[in-house]
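Below you'll find the structure, written out as structure tokens, and then a few comments.
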Amino acid sequence: MARKQNRNSKELGLVPLTDDTSHAGPPGPGRALLECDHLRSGVPGGRRRKDWSCSLLVASLAGAFGSSFLYGYNLSVVNAPTPYIKAFYNESWERRHGRPIDPDTLTLLWSVTVSIFAIGGLVGTLIVKMIGKVLGRKHTLLANNGFAISAALLMACSLQAGAFEMLIVGRFIMGIDGGVALSVLPMYLSEISPKEIRGSLGQVTAIFICIGVFTGQLLGLPELLGKESTWPYLFGVIVVPAVVQLLSLPFLPDSPRYLLLEKHNEARAVKAFQTFLGKADVSQEVEEVLAESRVQRSIRLVSVLELLRAPYVRWQVVTVIVTMACYQLCGLNAIWFYTNSIFGKAGIPPAKIPYVTLSTGGIETLAAVFSGLVIEHLGRRPLLIGGFGLMGLFFGTLTITLTLQDHAPWVPYLSIVGILAIIASFCSGPGGIPFILTGEFFQQSQRPAAFIIAGTVNWLSNFAVGLLFPFIQKSLDTYCFLVFATICITGAIYLYFVLPETKNRTYAEISQAFSKRNKAYPPEEKIDSAVTDGKINGRP
């Protein structure tokens with residue numbers, strides 16, 4: 001195998017080099033990113049960290065700011081200006097028809113405005129494979145900014161144009177942007193990162209979702225943009241992250257795995273590895289991908305139906321479906337329904353509640369950052385299983401405190417603690433790890449179809465919660481949280497028995513971990529079992 005590795009390395013023109021990266025790439029912005037390698041922190045013993053590079057940081061931050069940040073922002077941005085938007089709907093209707101809008105019609109229009117974001121997300125998920133096959137990961141993210149910018153302009157100009165339809169259409173287009181972003185960004189980050197930091201880099205998606213939610217809450221304050229005269233600007237600022245991504249990502253290469261396995265462009269793949277890893281000698285990394293490339297070269301991208309039928313990924317698919325369903329059905333969205341009433345019962349003046357609500361966004365962000373810092377130490381399993389388990393426990397506690405909140409003045413404060421604990425539990429694991437696992441469970445040819453399945457479950461579950469929760473809440477009142485507690489506990493139990501730890505494992509090793517449960521082996525393992533089996537058996 002060593003002789004084989006050397007032959008492949010020479011074929012690619014790779015020779016052992018020193019740490020000097022001055023000749024690793026052409027001059028220009030890309031080289032500047034590579035040369036900032038000296039900013040990375042050192043490790044004991046004088047050894048330098050090889051995991052993080054400035055290019056990885058720029059790719060993750062710029063990618064997430066223009067993608068998952070916008071998803072989180074659009075989840076919360078409609079809350080503060082709700083009364084002003086409804087008034088705008090009524091004024092537009094009265095100007096056209098000569099009479100005020102019927103309350104039921106207004107409720108329907110507002111429900112469509114909120115829920116159509118999820119419909120757009122589903123559409124975006126379904127077109128990912130088609131766009132990604134042609135454009136690749138990076139250029140799909142860049143093209144996706146066209147959806148964000150057009151949606152921002154439509155929504156920001158709706159008041160001036162007197163057309164509420166522009167706001168609804170803009171929300172739909174913004175949903176398409178979110179559907180594409182939540183599929184392509186985790187794929188891109190998973191494929192450009194070394195396995196040692198794949199989880200931490202993947203959590204950037206969740207961190208920026210939380211930052212986006214918090215930013216939407218913050219800008220919605222009356223002192224900022226949450227006023228009747230300025231609410232359209234809440235949607236106009238969506239342009240800023242999109243433009244930042246458009247100006248930064250072009251200087252970075254596409255996923256090296258995509259370039260090598262799907263485009264078969266070895267030279268560009270080598271340069272991409274050099275840029276993202278911040279070193280010139282990437283022969284080992286290229287050889288790891290070539291091991292997959294030797295069998296993947298003749299394998300086309302599988303379809304969603306083929307992936308669902310494949311016995312050798314059956315439990316990976318089931319696990320992705322379970323985690324994504326629990327991600328949306330775990331009840332976090334329902335928490336926002338009770339937040340204002342609970343804060344009010346705790347004695348907080350109504351005018352101050354929007355400011356106190358910022359604490360929920362702050363807790364989300366801190367918990368997501370904590371998860372990103374510890375995920376490579378604790379692993380995926382403890383954070384995901386523990387997160388769902390704690391959510392189930394705190395939902396049960398919240399049900400008790402909400403039932404007894406009129407019996408003592410201090411009980412509502414326990415409810416506030418319960419809400420914050422649920423949010424922290426969600427963001428410390430379930431809020432981001434499902435996206436990471438979807439990227440880790442599948443080989444290159446399967447990954448786009450896997451993200452279509454995951455995204456479809458995600459957006460359909462999102463839509464179902466928005467549609468069904470009002471009826472569940474009306475029927476069960478505060479006991480509705482017991483439904484979410486059951487979902488969380490059930491998900492935790494399933495993951496405890498099925499989910500293997502993927503921390504610091506290659507894609508081949510993760511596939512092997514599922515093989516016994518699947519009772520079937522993927523074709524590449526049969527063809528090149530010496531590669532994968534050798535690595536598995538070599539693990540301590």
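Using the three backbone atoms N, Cα and C, a Cβ is placed for every residue, glycine included.
Cross-referencing Asn74, Asn90 with Swiss-Prot, the residue annotated as N-linked glycosylation site turns out to be Asn90. When Ser92, Ser445, Ser515, Ser529 are compared with the annotations in Swiss-Prot, the one labelled phosphoserine turns out to be Ser515. Among the candidates Ser9, Ser283, the residue that Swiss-Prot annotates as phosphoserine is Ser9. The topological domains that Swiss-Prot gives for Met130 and Gly170 carry different names, which places them on opposite sides of the membrane. Given the ranges 35-56, 519-540, the record in Swiss-Prot names 519-540 as region 'Disordered'. Asn90 (N-linked glycosylation site) sits 59 Å from Ser515 (phosphoserine), counting Cα to Cα.
The transmembrane segment (108-128) makes contact with the transmembrane segment (452-472): 3 or more of their CB pairs lie within 8 A, with pairs spaced 6 or more apart in sequence.
Between the transmembrane segment (382-402) and the transmembrane segment (232-252) there are fewer than 3 Cβ pairs closer than 8 Å, counting only pairs 6 or more residues apart in sequence, which means the two stretches are not in contact. Proximity of distant same-chain residues to the transmembrane segment (52-72), defined by a Cβ-Cβ separation under 8 Å and at least 6 residues beyond the stretch ends, is recorded for 33-34, 36-37, 39-40, 141, 144-145, 148, 174, 177-178, 181-182, 184-185, 188-189, 192-193, 197, 201, 204-216, 238, 241-242, 244-246, 248-249, 252, 275-278. Note on the topological domain 'Extracellular' (222-231): its mean pLDDT in the predicted model is 89.
Secondary structure by DSSP for the topological domain 'Extracellular' (73-107): 25 helix, 0 strand, 10 coil. Counting residue by residue with DSSP, the topological domain 'Extracellular' (403-415) contains 6 helix, 0 strand, 7 coil.
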